[in-house]
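Some features that TrEMBL has for this protein:
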type: TRANSMEM; residues: 25-44; note: transmembrane segment
type: DOMAIN; residues: 44-419; note: domain 'Cation/H+ exchanger transmembrane'
type: TRANSMEM; residues: 56-72; note: transmembrane segment
type: TRANSMEM; residues: 92-109; note: transmembrane segment
type: TRANSMEM; residues: 121-143; note: transmembrane segment
type: TRANSMEM; residues: 155-177; note: transmembrane segment
type: TRANSMEM; residues: 189-213; note: transmembrane segment
type: TRANSMEM; residues: 219-239; note: transmembrane segment
type: TRANSMEM; residues: 260-293; note: transmembrane segment
type: TRANSMEM; residues: 338-363; note: transmembrane segment
type: TRANSMEM; residues: 370-390; note: transmembrane segment
type: TRANSMEM; residues: 402-424; note: transmembrane segment
type: DOMAIN; residues: 479-618; note: domain 'Cation/H(+) antiporter central'
type: DOMAIN; residues: 620-775; note: domain 'Cation/H(+) antiporter C-terminal'
Amino acid sequence: MEHLCPSPMKATSNGIFQGDNPLDFALPLAILQICLVLVVTRGLAFLLRPLRQPRVIAEIIGGVLLGPSALGRNKRYLNAVFPPKSITVLDTFANIGLLFFLFLAGLELDIKSLRQSGKKVLAIAVAGISLPFALGIGSSFILRETIAKGVNATSFLVFMGVALSITAFPVLARILAELKLLTTSVGRMAMSAAAVNDVAAWILLALAIALSGDNLSPVVSLWVFLCGCGFVIGASLIVPPIFKWVARHCHEGEPVDEMYICVTLAAVLAAGFVTDIIGIHAMFGAFVIGVLIPKEGPFAGVLVEKVEDLVSGLFLPLYFVSSGLKTNVATIQGIQSWGLLVLVIFTACFGKIVGTFIVSLFWRIPKNEALALGFLMNSKGLVELIVLNIGKDRKVLNDQTFAIMVLMALFTTFITTPLVLAVYKPAKMLSKGDYKHRRIERKNPNTQLRILTCFRNSRNIPSIINLLEASRGTERGERLCVYAMHLMEFSERPSAILMVHKARYNGLPFWNKGQRSASHVVVAFEAFQQLSQVSVRPMTSISSLSDMHEDICITAQRKKIAIIILPYHKNQRLDGSFESTRPDFHLVNKRVLEHASCSVGIFVDRGLGGTAQISASNVSFSITVLFFGGCDDREALAYGARMAEHPGVELTVIRFLLESDSSEDIVRIDTEGTPAATLVSADEEFLAAFRTSISDDSSVKYEEKNVRNVSETITILRDYSRCSLFVVGRKPTGVVALALSQRIDCPELGPIGSLLTSPEFSTTASVLVVQQYYDKNLYANSSQQMVED
């Protein structure tokens with residue numbers, strides 16, 4: 001029986017009004033396919049998000065659902081939306097996407113960091129490859145005897161070994177970020193081992209492709225492999241010098257010349273063309289170019305920004321659908337087929353988990369960490385699908401073997417997150433033991449103050465450093481210890497992994513000490529540390545915005561912090577008003593205020609000390625503390641008193657009192673369940689101690705202001721609007737403050753903070769809004785307001 005090839009499709013239709021069916025033409029059909037793929041994969045990703053699964057799971061499942069395994073059982077749908085004649089166009093789109101995605105994957109791999117991986121990581125990586133590879137070869141003999149009869153023995157054996165030994169580096173990075181493990185020792189080892197594994201997998205894959213040609217002559221396979229090696233060596237000699245020259249001509253903060261981007265993309269396509277001619281696969285050339293491009297400087301980051309959204313958002317899901325159209329789960333029939341599926345899953349999991357676990361124990365890694373490493377190294381992903389698709393295209397894997405292997409990849413990746421969560425919970429492993437000094441207000445003010453200051457970008461760093469300089473107090477003893485946390489958002493984007501390379505783990509500098517040409521962020525913190533003799537320990541939090549607050553709160557607890565200082569979620573414009581560039585950070589601040597186990601300050605920056613860091617001898621700040629009453633105001637005053645110890649700081653404390661004979665527009669409101677007498681007595685006691693301590697200090701002024709209404713209060717505040725910094729409590733008590741609470745625009749700043757940042761209140765002063773740590777267990781006895789920290 002003669003098979004007729006489908007006639008080629010024309011690109012565009014004349015429209016339905018001229019009698020054309022748009023689905024008979026390549027472009028409208030491709031548009032429909034892409035839209036359908038995006039809706040299905042993104043919808044599944046949304047549904048799987050509560051299970052903390054990486055997006056690749058949704059994309060593999062989406063591909064299988066759209067193919068003959070599920071929706072494709074309806075032949076009318078399959079012939080209308082994915083007719084055989086459209087598959088070539090779909091595969092071309094998918095492979096272009098794959099080409100550029102693997103270029104990005106190459107950019108993610110930092111060969112320099114692989115060289116510095118160390119023996120432990122190398123041993124874990126080798127164990128994670130060799131045992132599964134051996135088991136893959138073993139299972140290939142069983143499969144050849146049953147469902148894969150007649151295939152090329154050598155290439156089938158290598159393909160099975162490669163398929164079982166792969167660890168998906170990009171998928172692993174996302175799982176680690178989701179589980180908050182990127183910055184732990186387990187995360188670092190897993191990332192480094194997976195990167196080594198990735199490089200080994202590509203070499204093995206090139207070997208497998210070289211062996212899997214239609215021509216059975218071993219000489220041809222040898223030629224393919226040798227030419228592939230020649231390509232890699234040639235590219236290694238030509239590509240790095242060219243792109244080092246390009247990187248030198250790209251400067252931080254300046255736009256990259258479009259010509260450089262264009263040349264790079266052309267080089268990726270040309271490398272793909274060369275490797276396709278050799279007979280390896282076009283994506284191999286793209287990957288090599290990505291690996292060889294230097295990672296230093298802004299050029300690699302700009303490349304990723306230009307390419308990633310279109311590729312990973314639009315083209316790459318097509319590759320999963322292309323795989324899904326080849327996957328027919330219905331071919332797995334009978335006890336024998338399902339038994340083989342179980343066997344393949346068991347050998348894949350056993351090889352990875354046991355191999356990694358045993359070697360990890362040999363290197364004296366704790367059992368729970370070793371087991372977590374095994375589970376993490378077992379995650380598969382896109383690279384697995386690439387191996388399987390090439391095997392299918394080269395006739396090495398038949399329909400049934402292909403379906404079994406796709407299900408194995410899906411299952412092993414799906415179980416990674418729950419299994420790791422079951423055996424390893426670093427966040428829960430925090431000691432529950434209490435620590436002293438969770439607040440600035442304390443009985444002995446000479447004890448060390450530990451501050452965790454957070455920043456999102458370099459914009460506010462001079463002001464933050466000037467605030468920390470003022471917080472230094474006197475030179476008596478080890479007074480100040482600062483942890484500077486860079487808040488970085490982790491996303492599904494490939495550039496997130498480049499970010500991980502730059503910030504390998506918490507607690508170590510987020511810059512490379514060896515590179516003196518580091519950013520001005522580095523220079524500023526290093527200069528502050530040397531000039532002020534203050535201990536500054538930089539760290540990085542890489543997490544999604546939804547759980548960034550967990551990183552901040554856990555770090556504060558682990559480092560025994562007294563106060564967390566967060567940047568306000570709005571930035572100041574040139575006209576002095578505030579604009580919200582990222583409203584999501586508003587929620588981060590709100591959650592930290594709710595969950596922190598220490599005091600929290602929100603810093604509204606209006607350029608404290610100007611745009612440059614001030615040296616200790618040049619500090620000249622006038623700081624105003626507004627005191628209405630309550631524990632937050634006491635915390636604000638305790639912070640202000642500490643700042644007043646700095647020789648360059650003048651402190652003014654204004655206490656607002658209600659005139660007893662009048663309360664025109666002030667309505668009495670009950671405070672939150674705490675007896676008024678208790679609040680007043682604690683305030684009076686604290687203020688009496690404060691006044692005694694400043695009796696000999698000419699740089700501190702204490703004033704009491706009697707007010708009758710809100711407008712009088714605002715008038716007094718305007719008199720002090722020329723100061724450098726206002727320090728206020730978030731929830732002041734007392735009748736005056738409660739009357740102002742009707743004006744709250746931003747709940748995190750409270751009534752006074754909201755007033756000082758409102759457009760009606762004209763001031764150039766920065767504002768620090770403080771919330772004191774409040775432990776309900778400690779306040780069971782309401783008469784005891786202050787407990788020794």
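Each residue, glycine too, has its Cβ placed from N, Cα and C.
Where the annotation comes from TrEMBL, it is an automatic prediction and has not been curated.
Segment contact holds for the transmembrane segment (370-390) and the transmembrane segment (189-213), given three or more CB pairs below 8 angstroms at sequence separation of 6 or more. Within its own chain, the transmembrane segment (338-363) has Cβ neighbours under 8 Å at 120, 123-124, 126-128, 130-136, 138-139, 142-143, 146-147, 164-165, 167, 193, 332, 369-371, 373-375, 377-378, 404-405, 407-408, 411-412, counting only residues six or more beyond its boundaries. Within its own chain, the transmembrane segment (121-143) has Cβ neighbours under 8 Å at 156-157, 159-165, 167, 189, 192-194, 196-197, 200-201, 204, 340, 343-344, 347-348, 350-352, 354-356, 358-360, 362-363, 373, 377, 401, counting only residues six or more beyond its boundaries. Below 8 A, the CB atoms of the transmembrane segment (260-293) and the transmembrane segment (155-177) form no more than two pairs separated by six or more positions in the chain, fewer than 3 in all. Sequence-distant neighbours of the transmembrane segment (25-44) (same chain, 6+ residues past either end, Cβ-Cβ under 8 Å): 9-13, 55, 58-59, 61-63, 65-66, 81-83, 86, 89-90, 93, 313-314, 317-318, 320-321.
Taken together, the residues of the domain 'Cation/H(+) antiporter central' (479-618) have an average pLDDT of 74.
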